[in-house]
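Per TrEMBL, these features apply:
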| type | residues | note |
| --- | --- | --- |
| REGION | 1-51 | region 'Disordered' |
| COMPBIAS | 1-16 | compositional bias 'Basic and acidic residues' |
| DOMAIN | 45-101 | domain 'P-type ATPase N-terminal' |
| TRANSMEM | 79-97 | transmembrane segment |
| TRANSMEM | 103-121 | transmembrane segment |
| TRANSMEM | 303-328 | transmembrane segment |
| TRANSMEM | 348-372 | transmembrane segment |
| BINDING | ASP420, LYS421, THR422 | ATP binding site |
| BINDING | ASP420, THR422 | Mg(2+) binding site |
| ACT_SITE | ASP420 | active site, 4-aspartylphosphate intermediate |
| REGION | 465-507 | region 'Disordered' |
| COMPBIAS | 490-499 | compositional bias 'Basic residues' |
Amino acid sequence: MARENEDAGMAKDATKAKRQRKNKTKETKTRTVHANTLYHSAKGEENPNRHYANNRIKTTKYTVLSFLPKNLFEQFHRLANVYFVFIALLNFVPVVNTFLPELALAPVLFILSVTAIKDIWEDYRRHRSDKEINHMDCLVYCRAEKGYLEKYWKEVRVGDFIRLRCNEILPADVLLLSSSDPDRLCHIETATLDGETNLKQRQVVRSFFDLDCDFDPLKYNSVIECEKPNNDLNRFRGYIIHQSGRRDALYKENLLLRGCTVRNTEEAVGIVIYAGHETKAMLNNNGPRYKRSKLERQMNVDVFWCVIILLVMCLFAALGHGLWMFQYGDKRPVFDVLSPEGTNLSPIMSAIYLFLTMIIVFQVLIPISLFVSIEIVKICQVYFIHQDTDLYDEETDSHLQCRALNITEDLGQMQYIFSDKTGTLTENKMVFRRCTVAGVEYSHDANAKRIAMYQEMDSEEEECMSHGGTLPRRDSVGSHQSARVVLRSHSTKSHRRTGSRAEAKRASILSKHTAFSSPMVGLPGRSGCCHNLCCLLKTPQCYQFAPERNPTTAAK
């Protein structure tokens, strides 16, 4: 009987241990997010979100302590730098040196210093960009003030409630809880993540979908259980557990990712799920890395073969010198070089010393002046790229910035371009021209100037018609164009726009370089010609709207 009880107790303990292991495994695969408003007065150790990363980002490559070893390690990826440093150190050996050690070290230090200064400048710009991003403003709910206060991005924590406004960039990965849109949608632009400029829709969590009033963070008492941070932009799974015990599923349609821009939505409220380097955008960013150009890789191969040739030449000279010294035996030549102690050297030691000496003498096989010139040329290239007026953008008032100064050699060496659509290489821009509703025309401001220009042209044509009668018929092409001008003037009489002649001239200059600047045409079913493809082909569909253009009718 006692044994049965003992077996039952052991089975119960095993089941309990198995359950604990299962719960522990589940905890490691999921993340639990609580609202920070519930732990406003709690200490740091009592907040369950304290273990999650903050929203401060850092994309710099170096620190003050790690700069020198890390930068030298990256620069020694170039075999030429390793070779020149070896030659400079070899000159410090008194037995084999041929030049002044300081003179041999100067060009090497120049190359390493110029590259190090460029890397420092690049990393400083990353630091400046990080500082600018970390100090951007956003609205975070404060329980003490019972309202939203402006805070820096770096002060945002997991579990904070954020109010998002139109054209505002998301500071972190946010779960959408409320939206001012009647359909409870939030439109975002994900161009910074996937390059797509078309807007994407995100939906409020289902349990908050039917809220008639504004979202109140103080009434929020749910717990979010979701997956661990990962770099999959198209996947998000989780549950929101309410106080009543009801669980609602969460999908990627409920998550707003860091770096996206809110569009066409006045206001939205969400809770931060992932912050800082745990956001999906930052997990997809592998950080700055050392970029090697195609020319640099090719130079490494060329330097390797030059070093092989140099070693063969020095080995051949050392063997010849050793054999020549061996022929003298105990008799030493007059011009023999003694050891530092003043004793005679053996033929083997003489050959070794001569081998090292020949390396220094034949070092010009890989000219260090060439690499110094290359570094100077790359700096000049970067300067001219930054100052190029053809690469200036007037809309953003910015010049081209060369962020990686060591890949300018790859410019103009592209062989293949793969594109999934034409918009990748060009610019797909939808331009609103005009629309007519119930006979009232609504046009874009940018197109109003072009319409004014056409009105000035039409008025000049009408003056010519009134003073000179009909337009002269030069040929069939000219008569066709003049007829189109006259018909266009009739079709645009009801769409007059006010504008001075100076504005019309400026608009005419602008229209030569602007797409979609064609004249306003008549609509089918109204007076005038439709000026569509049927006009060019002179089909009966066109003649029913413009019978005067029908050859048979005109003849009658």
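Cβ from N, Cα, C; glycine included.
Remember, it's a predicted structure, so these values are computed and weren't measured experimentally.
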Message = On the 0 to 100 pLDDT scale, where does the domain 'P-type ATPase N-terminal' (45-101) sit on average?
response = 85
Request  = Could you tell me whether the transmembrane segment (348-372) and the transmembrane segment (303-328) are in contact, taking contact to mean 3+ Cβ pairs under 8 Å with a sequence separation of 6 or more?
outcome  = yes
Request  = Could you tell me what the rest of the chain brings near the transmembrane segment (348-372), counting residues at least six beyond its ends with Cβ under 8 Å?
outcome  = 80, 83-84, 87, 90-91, 93, 95-99, 107-108, 110-111, 303, 306-307, 309-311, 313-315, 317-319, 321-322, 325, 336-337, 339
Ask   = Where DSSP helix means H, G or I and strand means E or B, what are the helix, strand and coil counts for the domain 'P-type ATPase N-terminal' (45-101)?
value = 24 helix, 0 strand, 33 coil
Query = If you draw a 10 Å sphere on the Cβ of ASP420 (ATP binding site), how many other Cβ atoms land inside?
reply = 6
